[in-house]
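The feature transmembrane segment is assigned by TrEMBL to 12-32, 39-58, 78-99, 111-130, 176-196, 217-241, 261-282, 289-314.
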């Protein structure tokens, strides 16, 4: 085999790993849109806030310490203890559940029946509020997140591929873990949506709010549940991306990478989020590898959006989305 082909195989595998990380973010969008018809602009910021909260809890940081110190002239920043990752994650899940309740109680409960653009604008306001609230609560400094996930090059894959091809593939252990977690998460969500009472209620709410209310389904409960699930997915995505590149403002921008994934997979399909993520991840890596040198590089910055634009023109519902037919 030629060196170019072997290197292309490595690029392909790294594209799959990147696609899984994109799909993790897209899952949060799908969950909320599927149950409520709301396109949640704040999903990326939720991932950032969840990661910041996890770091703060694990490191024993004092919430709002900068504000407290400025008002009272103190210099308190830490409680002086550290929590294991498993307890930190459990507490962060509780925080995201409380956040979901607040979002439903104080925002979307009062916007039932409003136009989609109104709901979308509400999530934009929520995103900027949550970003500022997170900075005020935990500080805006770049934080290191370590929950004990394996990192670095997988030596087994490196040595095996070197024995086969005379060239070792550099595959990150964190990407492999993210792939397994994403697969388990998708399977769990599909089982939840298809085979549990709450999942069937969620699908009923997605189909028709009024019909769901007429059979005794609580919209408030379902939406709190869905936002909690989306918060949990945001936490998982925040852990993966935060471990990879640090917990910082740029983490919130991963939502931009999820948009093409949603357009390809469909806004209402959980499996579509994974398939769309893999297509985008592999597509942008392979396009950069094959075409990038011919056009001066940097194709990863725009390839996904061009592909998404083509889908909007020729198949706007995506690969797995539901085609909406309005009868007049």
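The backbone N, Cα and C atoms fix where each Cβ goes, and this holds for glycine too.
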Close approaches to the transmembrane segment (12-32) from elsewhere in its chain (Cβ under 8 angstroms; 6 or more beyond its ends): 38-40, 43-44, 46-47, 169-172, 175-176, 178-179, 182, 185-186, 189, 226-227, 229-231, 233-234, 236-237, 240-241, 244, 254-255, 257-258, 261-262, 265, 267-270, 272-274, 276-286
Annotated stretches the transmembrane segment (111-130) and the transmembrane segment (289-314) touching (3 or more Cβ pairs under 8 Å): no
Contact between the transmembrane segment (217-241) and the transmembrane segment (289-314) (3 or more Cβ pairs under 8 Å, separation 6+): no
